[in-house]
Structures are given as C-alpha cells and as structure tokens.
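Asker: So Swiss-Prot has the following annotated:
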type	residues	note
BINDING	Ala53, Gln54, Thr55, Gly56, Ser57, Gly58, Lys59, Thr60	ATP binding site
COMPBIAS	434-448	compositional bias 'Basic and acidic residues'
DOMAIN	40-223	domain 'Helicase ATP-binding'
DOMAIN	250-394	domain 'Helicase C-terminal'
MOTIF	9-37	motif 'Q motif'
MOTIF	171-174	motif 'DEAD box'
Amino acid sequence: MEEENEVVKTFAELGVREELVKACERLGWKNPSKIQAEALPFALEGKDVIGLAQTGSGKTGAFAIPILQALLEYVYDSEPKKGRRPDPAFFACVLSPTRELAIQIAEQFEALGADISLRCAVLVGGIDRMQQTIALGKRPHVIVATPGRLWDHMSDTKGFSLKSLKYLVLDEADRLLNEDFEKSLNQILEEIPLERKTFLFSATMTKKVRKLQRACLRNPVKIEAASKYSTVDTLKQQYRFVAAKYKDCYLVYILSEMPESTSMIFTRTCDGTRFLALVLRSLGFRAIPISGQMTQSKRLGALNKFKAGECNILVCTDVASRGLDIPSVDVVINYDIPTNSKDYIHRVGRTARAGRSGVGISLVNQYELEWYIQIEKLIGKKLPEYPAEEDEVLSLLERVAEAKKLSAMNMKESGGRKRRGEDDEESERFLGGNKDRGNKERGGNKDKKSSKKFKR
C-alpha cells in the first residue's frame, strides 16, 4: 500500500485534457500535489468533493481544473442545439472569504484558461460596483466572489442570475462561516440550482462546516490531504526567547542575516504593522505594511510591490495570513506570537509552499511564553532555538532605539492611526526613490552575512 502511495501520477494520467495539462506545465506544475492527485479523479467524474487541505497545498488547482475541463466538454463535446453550442455563461461560481483570496483565485483561473478564451469576473467589496456590473454584462464563464458582494448583485443587478450555474465552490469554508457571511451564503444557496456539482474546501472540519456539507453537497467524496493541524516537512521552524525590550534588535539581526530573502513579518495590530515598517525602513530595509485598516487599493498595491520585488519585507496582520498566493516567500517571522495557536499554522503556511523549502521563526518574549507553549502542543513537536550572537544583537540597540524614536515621531505627526483611505505617502516615497537605500545602509552586513543564508 505504501508503495502505491509513493507513485506520483501525472495530470494526464489523472484524466486531465491536453489543453489543461499544457496550462499546468506553463504554471510550473510538473506533477499534481497531494490534494490534486486525490481529488481530481472524483471531481472529473462529476462527484461532489470535500477537501480538507492546508494552505499552500494546491487546492485551487484541485477545483479549477475540473471546472475548466467540464466547461471544455460542455462547449466542444456536447451536441449542438439548433445549430448552436450551448451558452456556457455563469457556468461556475467560487465563493471566497476575502477579497485578496478571490483575486488570487481568479488569477489562477485566468492562467489555466488562457488558451480556451476563459471569461472570468471578480465580485468583491472595495471595488466599484458599476465596473463589476459591466463585467457581468460580458457573461463570464466563472465568477469568483465574496458572499456579500455576490448577493448584492443577485439582488440588485438587472438581468443577472445564477439559474444556469453548473458548479459551486466554497473555498476556505470554515472562514466563510466565521466571518459574518452565513446569512448571505444561505440566501445564495436558496437561489442557485439544486442540480449542480459542489466542491467544498476547508482547513478544518468544524460543526458549521459539517452542517453546510449536509445542506449543499450530495453524496460527497471526502479527501483529507493533511492532518488536522500540521506544518509541511520542508518548513524549518525555530524560535528565539527574547526579553521584550530587545525584540526589535533580534528582528533586525535576523533580517540582516538574510538580506536577499523575501520575508513576511506578522504583528498583532494594524498600528503595529505601520510602526514596525517605519522602523525597518529607517534602518534601510525595504519593508511595506499591509493590514485591514488600509483601503482595498492600497492593500493590493502593497501586495503587488511585494510580488514585483520592489520591497522584500511585508509587515502584516493576520488579515494576510490566509489565502494570499504570494510565490517565493522565504521566511515567515512571528514578531508577535498569535494568541490563537491555530493562526500560527496559517501564518507559517505562507512559506515552504508547493514543495519549496522555507523558514519560520518565532520571537517569544516573557509575556508570550504561554501562547508559544500552546503552539508546540498543537503541532506536536518541540522546536529548536534560532542561534544568534548576543553581542552582535545588542550592538544594534542604539541604532534601533533611534529608529523607533524617529518612527514614533512620524506616527505622531501624521495623527497616529492613519485614517482609512489616506494615502500611504511614506510607502510611496520609500519605494519610489530609495530602492537602493537598504543595500547602501546595510552594505557591510550584506557582504559579510549573505553567505549564511538559510544555514541556520
């Protein structure tokens, strides 16, 4: 049995059409991930599927490929009626708990469907509804939406209906039911056809998810691609116990040890992300914040700059810890230990994705020790300590203190908590005119320590 499990089938061997196999190859998907290998055969047969999979497991492909294959068969393999192919508009709908995740899912659909003229629309809050109405007027094959905005259009947009829907996807269903979407979700389910295929994907199987499963799936096949709370084997996890007053020094030390790496740093509050990003910028690091306080356009702008390499450090709250498809994240640093240990799993899930290696480092102060102990209990392992030269760390104290002082003054001058919708001028100045500043200010450290990258 173990030998059978070790055999990795190709997408073609799983029954995926040649057009989509080529699309997978273009995306660098050489072989199916575990969730794809287990879910695709059933999904391609037309069965309802429940997939329990961790972040970064490739679950988007597990539902996008069957939908696109069914769309191809519906258009090209069905008998034409009165000389015309059936209209495949509003063929599938994917519901997502966040705007960012919806946009990422749509991007993957468009990449996979590039050769088949796929039409895809995104319906999320924070984006002009008139633009979305125009997109719906083009009769997209696939809609990716948050439940609230989708229901707004179903209620108010003239001529829009999902009566012809063939596929429904509930992605990150545990979060869909935990973020005040339950009412909108129930309204949507009452309006769409009962005769449809449904895919439900979730990180955990909660009571609410089970209830949703019973309500909207028919004889589903359950695929569990990971243990309930686990981290991938390619993730190197470490911690460092530090006094609270020295935590910033340790953070700067760690970032200086790996200057070319892409990093995500998690803080507990929105103000904390902005303050820490300001501190790091003043020390020459290319950091940018993202949090729920920012407008949608600013959040997407920050993500795009991070993806494009204009900055290599993203300072974020847990709003960014799930669902963001950011490639090549090398390091995740828990600057603030999460009070909910399950959030740790989602945070470190930003690295070591799709078979790549990655590092997760937690900075634990004396007030966070109990939370950290709960994390180790959850993942079932004791983590090794991140080795650091204490003398080198403490030598940063004066520079870090000065940077914190300047950043606090900057925050105070701009009114502390930025008003929602206000431009992040510091980000624009930093990214627009000081791209080389980090390397210049840290020049000595870069040559000295870049060779140590990931040896820890």
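Glycine is no exception: its Cβ is also placed from the backbone N, Cα and C atoms.
Predicted, not measured: the structure shown is a model, and the values here were computed from it.
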Asker: Report, as numbers and ranges, every residue of the chain located at least six residues beyond the motif 'Q motif' (9-37) whose Cβ falls under 8 Å of a Cβ in that stretch; write 'none' if there are none.
Answerer: 44, 51, 53, 57-59, 61-62, 65, 68-69, 72, 108, 111-116, 223, 225-226, 354
Asker: For the domain 'Helicase C-terminal' (250-394), what is the mean per-residue pLDDT, to the nearest integer?
Answerer: 89
Asker: Taking the Cβ of Lys59 (ATP binding site) as the reference point, list residues of the same chain whose Cβ is under 8 angstroms away and which are at least six residues distant in sequence.
Answerer: Ile35, Gln36, Gly51, Ala53, Asp171, Phe201
Asker: Across the domain 'Helicase C-terminal' (250-394), what are the DSSP residue counts per state (helix, strand, coil)?
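Answerer: Looking at the domain 'Helicase C-terminal' (250-394) with DSSP, the answer is 61 helix, 24 strand, 60 coil.
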Asker: When you measure from the Cβ of Gly58 (ATP binding site), how many other Cβ atoms are you left with inside 10 Å?
Answerer: 19
Asker: What does DSSP say about Ala53 (ATP binding site): helix, strand or coil?
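Answerer: Reduced to three states, the DSSP call for Ala53 (ATP binding site) is coil.
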